[in-house]
């Protein structure tokens, strides 16, 4: 935030409040690690795969929680009391969303195991698993919590308890159902992102000074690179101090891979930017339009350029992965290829990713459906 304030004042892009700068920090905290996950081999580097996947999902949820906490406070006059209230609100949202997801997951396991109408029928079992996952999202929205975080933990709990209480046919059906939902949801996400890139209204505001827009985008991208390194490498160093076995430590090449995986920004960053700098999808302020177009530029540049460089970079950093071509699934968006070996073994690890990842993507597409509907009227 201090770096953005320093450079943006020099460029005189317009009036941005302290809340806008804090929101920028939350906006660019959301990462998109899917490209790196498609290249990594979870069998050869289970620790690295788990770290990249876990950080990617939790970063999205945390950035949304932090963004909501920022918007709920008047940050024009910051003092000790306001700072403590802000931290308390953030911790409340995080803890409450997690607890709600765990309770919803346990409730689904109880209903399917104990109540008769939830058993002895593949249709009812599959329907209950889908509806209970969606119920956690609905309740989270009802109580103004973080829906992404809620469904993520709901999916984890459902994999460890609900998954073992259904029949084999229900397990197979559920796995393919959530894989299909996640695939369709991801298609919608990329469609919405492409529509945002062609939003002529925002680009018209910055057409008279394209150099300034490019400079702002470059600064944001540079701050993302530096900020990412400032946290990944020191935290990895501290983590290695607690590990006794060399095989459990995070090597320098793995640290670089983790750093690179978090450089790409996706739909969550764009959704939060539209939420902060527009009103019903429109804006009449030049500074807000510059922030929107700069966010779009960073997202597209990081996704296309960094995404294309990911596979060669991983080949260089992890040369032991000789058969890297076989690591990429024929269904790139299917959660079947995304498992976390450190959390569990076998099919139960697959299904919680099925539930959490697919509903996670569904929520993103739903958010973008609402956002796009506003400014395309």
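Just so you know, glycine gets a Cβ as well, placed from its N, Cα and C.
Please treat TrEMBL annotations as automatic predictions, because they have not gone through curation.
These features come from TrEMBL:
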DOMAIN    8-315  domain 'Cation/H+ exchanger transmembrane'
TRANSMEM  90-112  transmembrane segment
TRANSMEM  133-158  transmembrane segment
TRANSMEM  178-198  transmembrane segment
TRANSMEM  219-238  transmembrane segment
TRANSMEM  258-277  transmembrane segment
TRANSMEM  289-309  transmembrane segment
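When Cβ distances are compared across the two stretches, the transmembrane segment (258-277) makes contact with the transmembrane segment (178-198), since 3 or more pairs at least 6 residues apart fall below 8 angstroms. Sequence-remote contacts of a segment are chain residues at least 6 beyond its ends whose Cβ falls under 8 Å from one of its Cβ atoms, and for the transmembrane segment (219-238) they are 3-4, 7-8, 24, 28, 250, 255, 258-259, 262-263, 265, 294-295, 298, 301-302.
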